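Visitor: Pasting the feature list from Swiss-Prot:
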BINDING   Gly107, Val108, Ile109, Gly110, Asp111, Thr131, Ser132, Lys144, Lys153  NAD(+) binding site
BINDING   Glu186, His249, His267  Zn(2+) binding site
Amino acid sequence: MEQTVHVPLGARAYDVVIGPDLVAQAGQRIAPLLRRKTVAVLTDETVAALHLEALRAGLAADGIEMEALALPPGEATKGWPQFTRAVEWLLDKKVERGDIVIAFGGGVIGDLAGFAAAVLRRGVRFVQIPTSLLAQVDSSVGGKTGINAPQGKNLIGAFHQPSLVLADTAVLGTLTERDFLAGYGEVVKYGLLGDAAFFDWLEENAPAMAAGDMALRVEAVARSVQMKADIVARDETEQGDRALLNLGHTFCHALEAATGYSDRLLHGEGVAIGCALAFELSARLGLCSQEDPSRVRAHLKAMGMKTDLSDIPGDLPPAQELLDLMAQDKKVVDGQLRFILARGIGAAFVTADVPSEKVLEVLQEALAHTQPA
């Protein structure tokens with residue numbers, strides 16, 4: 001059932017191994033990378049309570065000792081205070097340049113631990129063991145690491161590729177339904193941006209996958225990772241094609257900022273809503289048929305996901321304010337907002353040529369549905 005996706009980046013190439021029970025095999029998988037039989041693990045309190053002893057046992061099976069620091073769970077951890085704490089802890093533990101740091105958690109831990117590894121002693125190697133669906137299909141692959149600033153998400157960071165990624169699909173069984181579906185937002189994104197056949201496959205198989213079918217989970221993660229690996233190999237530092245991976249993210253980042261990066265909206269939920277809005281905008285601009293956004297929404301709804309602004313609890317700011325938040329996005333070039341739009345399902349492209357009044361129209365219409373009648 002296990003699948004391996006190779007990320008071909010020359011001297012920085014690595015494998016992403018996908019399958020059940022990889023945490024139990026962590027020792028034998030990581031041992032070839034080690035110069036001495038000890039590792040430092042960064043995790044969060046939720047993951048630690050559920051899985052840290054299993055990781056300790058998996059490492060001990062190969063005679064590897066581990067020390068672990070568990071940070072508070074949640075997006076708020078991804079800032080200077082906890083980052084400083086993590087780096088100083090790694091220094092206290094005398095992590096050397098030849099050692100390995102393990103990122104054991106979801107996207108927040110992966111981003112923070114990867115960035116800590118990137119700056120520690122000017123760069124130590126790290127291994128990703130992503131525990132959420134979102135991290136397995138997205139943030140653990142591709143080497144983007146970083147933390148948030150008061151001015152916006154992911155504005156402080158570095159490109160630092162992992163040495164190995166172990167995506168244990170059995171661990172996904174401990175996710176809440178909400179977290180699993182939030183991660184699924186990123187899975188759908190891959191079908192929407194470049195693989196119509198994968199989107200067809202998801203329409204047919206995703207309900208059974210969400211219900212727990214392990215072979216389908218491995219397949220969905222592997223296909224997502226393969227697609228990301230192909231794009232990252234073509235464009236590691238996001239000069240061109242890699243921007244396609246941001247489908248739905250320009251809307252998403254504005255919505256996350258508007259909701260204060262809180263639990264009102266999880267990142268993957270924002271991506272799903274953002275993808276629906278990006279297709280809506282594409283149809284509005286005459287790039288794709290109106291059937292495409294309808295099909296996107298129908299699938300997200302069938303999966304029980306957030307699809308509209310009205311699905312976000314609480315009040316949202318007016319359309320112009322959301323548009324202003326979009327301008328804070330990292331994808332701004334020469335003051336122009338870059339959007340990822342679509343000529344159809346599986347046919348996304350990057351453009352800066354989007355009239356802001358059209359974006360405003362789509363936002364105003366989406367917000368109109370949130371007002372109580």
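Heads up, the Cβ atoms here are built off N, Cα and C, so glycines get one too.
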Visitor: What whole-number Å value do you get for the CA-CA distance of Ile109 (NAD(+) binding site) and His267 (Zn(2+) binding site)?
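Guide: That comes out at 14 Å between the alpha carbons.
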Visitor: Using C-alpha positions only, work out which of the binding-site residues Asp111, Ser132, Lys153 is nearest to Glu186 (Zn(2+) binding site).
Guide: Ser132
Visitor: Quick check: in three-state DSSP terms, what is Lys153 (NAD(+) binding site)?
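Guide: For Lys153 (NAD(+) binding site) - judged by DSSP and reduced to three states - the answer is strand.
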Visitor: Cβ neighbours within 10 Å, counted over all protein chains: which one of the binding-site residues Asp111, Lys153 has the most?
Guide: Asp111
Visitor: How big is the NAD(+) site in terms of the longest C-alpha to C-alpha distance among Gly107, Val108, Ile109, Gly110, Asp111, Thr131, Ser132, Lys144, Lys153, in angstrom?
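Guide: If we measure all Cα pairs in Gly107, Val108, Ile109, Gly110, Asp111, Thr131, Ser132, Lys144, Lys153, the largest is 21 Å.
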Visitor: Can you check which residues sit near Gly107 (NAD(+) binding site), meaning Cβ under 8 Å from its Cβ, same chain, 6 or more apart in sequence, and list them in order?
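Guide: The answer is Pro130, Ser132, Leu134, Ala135, Asp138, Ser139, Ser140, His267.
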Visitor: Calculate the distance in Å between the alpha carbons (Cα) of His249 (Zn(2+) binding site) and Asp111 (NAD(+) binding site), and round it to a whole number.
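Guide: Asp111 (NAD(+) binding site) has its Cα 17 Å from the Cα of His249 (Zn(2+) binding site).
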Visitor: What number of additional C-beta atoms lies within 10 angstroms of the C-beta atom of Glu186 (Zn(2+) binding site)?
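Guide: The answer is 26.
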Visitor: Translate the DSSP assignment of Ser132 (NAD(+) binding site) into the three-state scheme.
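Guide: The three-state answer is coil.
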